[in-house]
Amino acid sequence: MSSNSTQPACLITKDYEYNVSSLSFSVVLVSKGNAVVNALASPITVSMNVLIIWSVLGSRQLRSVRYNTLLAALALTDLIVGVVVQPLFCLNLICWLKDCKISCRRDIIGTLFILCNCLTLCTMMMACFERYLAIEHPIFHRTKVTNTRVIIATAIVWVIMPASLLTGRYFADTSETLQNVSAVVVSSVIAAVILYCTTKVHITAFLHRRRRRATKAQAQNQNAAVPANEQEEEKREKQEYREAVTMGIIIAASIVFFIPLIMYFVVFASDASNDLKHFIFPSIAFTIVNLQSIVNPVIMSLRVKPIRKEIAKKLFCLSQRTNTPTHQQTNQPTNQSTDKPNIKPTQQDQPNNNPTNKPSNYQQSDQQAIKPPTIRPTNHQTINNPTNKPSNYQQSDQQAIKPPTIRPTNHQTINNPTNKPSNYQQSDQQAIKPPTIRPTNHQTTNNSTN
């Protein structure tokens, strides 16, 4: 630590060097408390903002609305605060109190803090401007303001505003005035846009509400019904005004959380050697600003009904998925002990499925146990062989079924339905005796037996 004999030694120099042994007990106590608060708030911030992003991006209906897209972008900036800023700020306080040998310069922490909060304010500015277009210029908002254009415009603002702010901080060593000018310009532009859009939207909402009440009172006096298109327009305006009020509540909460930080830069700007300026007040102010990332998702979930319903739906489905495997494992022994229901296979399934895994020589006896229905053939048709007997059994089966007697005319030969060889045809024809015909004119009777 460098010091001059003419000036009193400061606890923090321009390079943020420190001497822990010279710090008071109140400074150490406040630093420990802020470290604990940031350590506890970080996982809560991450989980709540992840739910907001998951509910918006996981629902096609929610992510198609431009206002919900900006709310998801705001939740993303708060998520960065919970993932990056709060853990590093807590680590910096611990390193500072434990007198670590590593570099504990707060340039990186301060840069990330400024960057994330600038992104948050830029997203609020874009949300306020979107609400301004939706209420003041509804036709332009419906036709020109698309979801893709909202995302592109938000990304451009995220690049320009923090870049201009960090440029002044980069040249802080050479020009302190440049740092102050860049911070004042960026913060003034953001504050002016937010203030104008929010004020204009609420004035317009108040005027429209008063005009609507007058129209309803006039319609009731004349006993006239309100047209359906006016009812739909009124419902749409109420929804847009409610969204504008929600964004106004978020902005009001942000102002409350930024008041300590503003007081830090205004009240203690002239004091250069005060423990309250260098340790206690900035640590408390940074912690309060970081806590804003917890309040924003709470306001969104309470004020925006579709997001609240989608979060409840996601949590219910997640709980069902986590409880289903454990429920199956606990009930698995009882399910195995219960007897399976007796299912009788059909006749078509029995020849193919062999539940006892018997060899092929047992299949014939199993098939014989199932008797097919009796079918009486006509026109000497052969019965199908369901038992798959060899060919030498076919003759005995056919003999058991006697075909009806058919008397052929003109000595026609009966068709051979059994496809016997040619030497059997003569015996079949002999079995069928043709009718006796008495020849005339001493004609010789045909020898049917040849």
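Placement of Cβ uses the backbone N, Cα and C atoms for every residue, glycine included.
All TrEMBL annotations are machine predictions without curation.
These features come from TrEMBL:
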type     : residues : note
COMPBIAS : 217-229  : compositional bias 'Low complexity'
COMPBIAS : 322-336  : compositional bias 'Low complexity'
COMPBIAS : 344-359  : compositional bias 'Low complexity'
COMPBIAS : 376-399  : compositional bias 'Polar residues'
COMPBIAS : 407-430  : compositional bias 'Polar residues'
COMPBIAS : 438-450  : compositional bias 'Polar residues'
DOMAIN   : 48-300   : domain 'G-protein coupled receptors family 1 profile'
REGION   : 217-237  : region 'Disordered'
REGION   : 322-450  : region 'Disordered'
TRANSMEM : 35-57    : transmembrane segment
TRANSMEM : 69-89    : transmembrane segment
TRANSMEM : 109-129  : transmembrane segment
TRANSMEM : 150-172  : transmembrane segment
TRANSMEM : 184-207  : transmembrane segment
TRANSMEM : 244-267  : transmembrane segment
TRANSMEM : 279-299  : transmembrane segment
**OP:** Take a look at 35-57, 69-89, 109-129, 184-207 and tell me which one has the most Cβ pairs under 8 Å to the transmembrane segment (244-267).
**Re:** 184-207
Subject >> Distal contacts, the transmembrane segment (184-207) - CB-CB under 8 A, six or more residues away >> reply: 118, 121-122, 124-125, 128-129, 131-132, 135-136, 161, 164-165, 241, 244-245, 247-248, 251
Subject >> Long-range Cβ neighbours of the transmembrane segment (35-57) (under 8 Å; 6 or more residues past either end) >> reply: 63, 68-69, 71-72, 75-76, 78-79, 81-83, 86-87, 89-90, 93-94, 97, 287, 290-291, 293-294, 296-298, 300-301, 307, 310-311, 314-315
